[in-house]
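Here is the structure we will look at, set down as structure tokens.
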Amino acid sequence: MEFTLKVLTVVGCWPPDSWTSSSKRAMYNVYTAFITLLLFTFMIPQLLDIILNVNSTEDFADTFYILLAIIISCCKMTGLLINRKNIEMLTNILSQKPFIPLEADEMEIRRKCEKSIHNKTFWYMALVEVTLGCFAMTSLLTDFRKGNLTYREWTPYNYSETVFYVIYIRQLISATMGSLVNVACDSLICGFVLHICCQIEILECRLRKIALDQKNLRIGECVRQHDCIFKFAFMINEHFKPIIAIQFIVSMLVVCSNLYQLAKITLNTESFPLILYTVAMLTQILIYCWFGNEVKIKSVQLAANIFEIEWLKLDRSSRRDLLIIMSRSLIPIEFSSAYVIAYVITMNVDSFVSLLKTSYSAYNLLQQMEMA
């Protein structure tokens, strides 16, 4: 997860390992405070604009979907800063027994996992930043020439040309940092989730070798590793479930708002950033659901995969230990969040489909209210 941690460093949530001196740590804390200030000073004026200036549904929709994006960025930034020590603890767990790979085949499984996390983080960041770039280019070609800001916000004064340039640049920088915070947080959580899949594969690899080599004394270590995998998943869920819940709610509202806007405009070059933004938001929640679903499937399949090893060669004590692993595998590893309107949010494909259905239902309700 080296690349993900570098993105965290850029957004002020993970001080570089080489910065061990107190002066460098203090400098990084100042940088963290600056990034946090950028995000919150981007969110508050937009919120005030909706409260004080918005008088129509169209104006509300124009501001609302961007406001939601920056709200989730602020929430994720806050969550990452609060969980900084927990993130360090989770990364350290992956480099300790029983999670650390010991032999060449186990190292290859870990290497493939790390490569997968790196590639997914890179392409996800590319999608998000291309979307942001489309917004910036569209704004430069339209809003900037007319003296309008890229994003509506409340300004309690008549700003001069110089002040306009400052606010315009500040908005672009804030939006960029907000997008990177989203990339960093999403990639971090999904990276930890993928490492659970990796650990289950390593566990299966060790069980196969035990059955073939008759190293029966290591069965107990496999039982302990399986227990540690469940505990690791529980810690991830506990530390990040507020972020998961907020992400689901915001994604539903953004998709609904964007569908409403897309229905009101004609398809042209100016609508392309909005379409790309909708795709990025759907991708954002899909990666949570997809990888959560992968862990659920892989954790349940472990019991079936144990049957494929040479378990008949093991003694009674070892087979009893295998039964312990198989019995626990009957309960899948699932990532869920708090109750939201009497509904438990879980990270799986069914939740993603439910989110799309709910967003579309809310969109239809808005359409009916407007026609009434």
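Backbone N, Cα and C atoms are what each Cβ position is placed from, and that goes for glycine too.
The transmembrane segment annotation in TrEMBL covers 26-44 (among others).
Residues or ranges marked as transmembrane segment by TrEMBL: 64-82 (among others).
Annotated transmembrane segment per TrEMBL: 121-142 (among others), in sequence order. Through the fold, the transmembrane segment (121-142) approaches residues 3-4, 7, 148, 150, 172, 175-176, 179-180, 182-183, 186-187, 191, 269-270, 272-273, 276-277, 279-280, 283, 287 of its own chain, all at least 6 residues removed from its boundaries and within a Cβ separation under 8 Å.
Positions annotated as transmembrane segment by TrEMBL: 162-185 (among others). Same-chain residues lying 6 or more positions outside the transmembrane segment (162-185) and placing a CB less than 8 Å from one of its CB atoms are 4, 7-8, 10-11, 13, 35, 38-39, 41-42, 69-70, 72-74, 76-77, 79-80, 121, 124-125, 128-129, 131-132, 135-136, 144, 147, 149-151, 153, 155, 243, 284.
Sequence annotations record features per position, and here TrEMBL assigns transmembrane segment to 240-260 (among others).
Under the heading transmembrane segment, TrEMBL lists 272-291 (among others).
What TrEMBL records for 322-345 (among others) is transmembrane segment.
Comparison of 64-82, 240-260, 272-291 by number of C-beta pairs under 8 angstroms to the transmembrane segment (26-44) places 64-82 first.
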